[in-house]
Ligand SMILES: NC(=O)C1=CN([C@@H]2O[C@H](COP(=O)(O)OP(=O)(O)OC[C@H]3O[C@@H](n4cnc5c(N)ncnc54)[C@H](O)[C@@H]3O)[C@@H](O)[C@H]2O)C=CC1
Ligand SMILES: O=C(O)C1=N[C@H](C(=O)O)C[C@H](O)C1
């Protein structure tokens, strides 16, 4: 597994091409980060999108307004993302958010804000990779059929949060599916765990976080029944895996007012 850390130079083609007034004007927040720098390249490559601002932690959000951004992509840090999105919504800028750290309380605050700005759209996407979105959905689908379920997420060691947003979201979906089906919590006879070896518990689901050099973003949902196991695994080997979803979301968000949680809200999964 390889991790590309250096920003990729812009490819020849649309990057730097003259601005077309019909282009969607896009800004990236966190533009010098691992994901943000990849998103900058993806927006530059995408037909019909014009990159109008690349902002880092030192930059004022007012630059979004000055640049005439219509959509902002937030790929920053959990401590900054809510204020960034609030600013965007208050200025009528649609937001595509990949940053982790959103919980039920912050999502509720955002819903309330969006009610006062009914024309504005926000997507909070725990994961932009199509494979990861499907793995989450498959996990929720399978959850009620197995006695035991646990989640293992594995990431690069520079990640600042644990468990991953994707694992937390998967646990929420799995937990909800099991509760709705009346399935009991996974059996567990552990009586002593002085070192926390059983991991975090999110929505009644144990979640284990691995941080290892060489990894990018990986997850397994382990489902156990009598005499059998189903493993649903997804691997992002490169951040390019997130970019199809980022570009799709940028194109869609303006026509989806209100809050959408999860890229699957923009996809017809037929499930
Ligand atoms: N939804 C998805 O598919 C994915 C989400 N992520 C999430 O995206 C976030 C960023 O991840 P990485 O790029 O790996 O982190 P990173 O640490 O490489 O990049 C974050 C960047 O944001 C900048 N920043 C911090 N505060 C800022 C602010 N207030 N305004 C503008 N820029 C600010 C930092 O200086 C840094 O350059 C994390 O929450 C991560 O979990 C990461 C990969 C995929
Ligand atoms: O920090 C990362 O790298 C990733 N963050 C997101 C998460 O926390 O789920 C998405 C993906 O796992 C990569």
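Including glycine, each Cβ sits where the backbone N, Cα and C put it.
Note: TrEMBL annotation is automatic and uncurated.
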Which of these ranges is annotated region 'Disordered' in TrEMBL: 136-155, 156-175, 176-195, 196-215?
176-195
How many other Cβ atoms sit within 10 Å of the Cβ of residue 166 ((S)-2,3,4,5-tetrahydrodipicolinate binding site)?
25
So what's near the region 'Disordered' (176-195) in sequence-distant terms, Cβ-Cβ under 8 Å and 6+ beyond its ends?
140-141, 143-144, 147-150, 203-206
Rounded distance in angstrom between the Cα atoms of residue 155 (active site, proton donor/acceptor) and residue 166 ((S)-2,3,4,5-tetrahydrodipicolinate binding site):
11
Applying the rule Cβ within 8 Å of the centroid of the Cβ atoms of 156, 165, 166, what extra residues of the same chain belong around the (S)-2,3,4,5-tetrahydrodipicolinate site?
100, 126, 127, 153, 155, 159, 161, 164, 167, 217, 219
Could you work out which of the recorded positions (32, 34, 155, 159) has its C-beta surrounded by the smallest number of other C-beta atoms within 10 A?
32
